[in-house]
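Undergrad: Pasting a structure here, questions to come.
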Amino acid sequence: MCVFALAALILYQNCIRSDDFNSRTIAVFSSTVFLSVFSKEQGIAILPVCMFLEVLHSSHCKLRNKSAVSRVLILTILTSLVILFRLYISNFTAPKFTELDNPAAFVKDPVLRLASYTYLWLINIRLLLLPYSLCFDYSMGCIPPITSWADYRLLSLPLVILLVSITPYLLHKLNSRLLTFGVVLGAMSFLPASNLLVTVGFTIAERVLYLPSVGLCVMAGAMFVQALRYYQNMDKIGTAVLVIAMTMTYQRSEEWRSELDLYASGLKVCPQNAKIHYNLGKVLSRIGDVDAAEHNYWNAIRPTFAVAWMNLGITLMNQGKYEESLQAYRQSLRLRPASADCLFNLGNLFQKMGQPLGALDAWKNATRLDPAHTRALTNLLVILDELNQCDEVLEISKKIPDSTANRVASVAFQIGTCLGKSGRFPEAERRLKTALQLNPQNAMYHANLGVLYQRWARYELAENAYLTALALDDDPGPVLWNLKAVQEKLNRTRNDIG
């Protein structure tokens, strides 16, 4: 987003200097603006910044020609088109967020809500000026909103009002066009994320400070040049600041190298953030540290955080704590009853508990909610096969889209197996071959194709399938016995012919 926005800004500045804004330039400029907005909606802020450039230029040159008016008119039209197109993409509806995403937006008192917003603005300014104690996610209790008139953070409202009031006076006093441009660039580019125009779905996000940081750099450069006139050692101070900034950037980049380091660093800044605990729990569970994963999942539990309850259930299930896992899954489903993932995991739990009918019911509900949930669908077909309900498998297969049946090996395999058991050999062969095309290294698929050919009395094909299965799997199991039976049949047939 920043690259496209800055490209548009530089292009527009060149157009002002050359007083040339022809159709080719307009096309390139519009393209960079659209690319900026589609990268991130915040990119639209570059258009009012370009308008402000016209104001600065006209005040400097004391010239208001027709070309400047036409450029502003084009900017206005382009802004309207970008907004309309973006609204069209979202079907002219505002996105919906929960209190966990942006608690400040749900404060009922309008003054306290505004104070919560201004407090967040000050934190963003602090992050720009002093980027320490950074966190990849500031939601879910990391920065609680202002809900009481006794909260000292309420002072942020008059402080912001004072800053907004005094800034124009100071800029006028300093009489620096570059400094003024830096302030406007920073403020304008932050405006879409301020909650003033539209409610955003986050508390604080470092990514929205990329473009405002350009404004800060412009201001810093202007002030540095001014300071050099009065302080001889200013260049040394500037070098020291750059070295410190580079060191902090390197340290932060190191934290982003692994999920474990990133989430651990996030907890140091936001120990109450449920999402960080949840993500850390997932990582710890993946690397096998189930006790630490369970601890973090418990810390992630919030009254409306359904996914945390589900992952806690998975961890408890893997630890053999089936009853506790069942309660966690049920709590997750109470919060989000239409969760196919949770129903899939609930089915896995019932299977581990030796309750196949419970698993069957859970997987049926999961596939009803999400027909494309291939893991639940595969498990459903497998358990129906195990319960000798191949007729139901074939009935379900009629409703499975071809995009799923022909692209998911496990689904094609299970349907083919039941077709074979039902005596529909040609259809079964087609399904099993589809499964093998998708997963040619699966020994079980080759073995079942051999079983199909053996039932079909196509013994040479059965022999080839069994030999392939044995070549892929060192553990022969029943495949070797089936192979011997087929080879005996073939030998008898050859002897009879001889």
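Including glycine, each Cβ sits where the backbone N, Cα and C put it.
Among the features that TrEMBL reports, domain 'DUF1736' is placed at 92-161. According to TrEMBL, the feature repeat 'TPR' maps to 306-339, 340-373, 409-442. Here TrEMBL flags 1-18 as signal peptide. Here TrEMBL flags 68-89, 119-140, 152-172, 178-202, 209-231 as transmembrane segment.
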Undergrad: With Cβ-Cβ distances below 8 Å as the criterion, list the same-chain residues six or more beyond the ends of the transmembrane segment (119-140) that contact it, or say none.
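TA: Those are 100-102, 104, 146, 153, 156, 159-160, 186, 190, 194-195, 202-206, 208-209, 212-213, 216, 248, 252, 262, 265-266, 268-270, 272-276, 302, 305, in sequence order.
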Undergrad: Other than its close neighbours in sequence, what residues sit by the transmembrane segment (68-89), given a CB gap under 8 Å and a spacing of at least six beyond its ends?
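TA: Residues 15-16, 21, 26, 30, 33-34, 37, 41, 44, 47-48, 50-51, 54, 57-58.
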Undergrad: Within the repeat 'TPR' (340-373), how many residues are helix, strand or coil going by DSSP?
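TA: Helix/strand/coil tally for the repeat 'TPR' (340-373): 27 helix, 0 strand, 7 coil.
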Undergrad: What is the pLDDT of the repeat 'TPR' (340-373) when averaged and given as a whole number?
TA: 93
Undergrad: What same-chain residues lie close to the repeat 'TPR' (340-373): Cβ under 8 Å, and 6 or more beyond its ends?
TA: 306, 310, 313-314, 317, 322, 325-326, 329, 332-333, 379-380, 383-384, 386-387, 399-401, 404
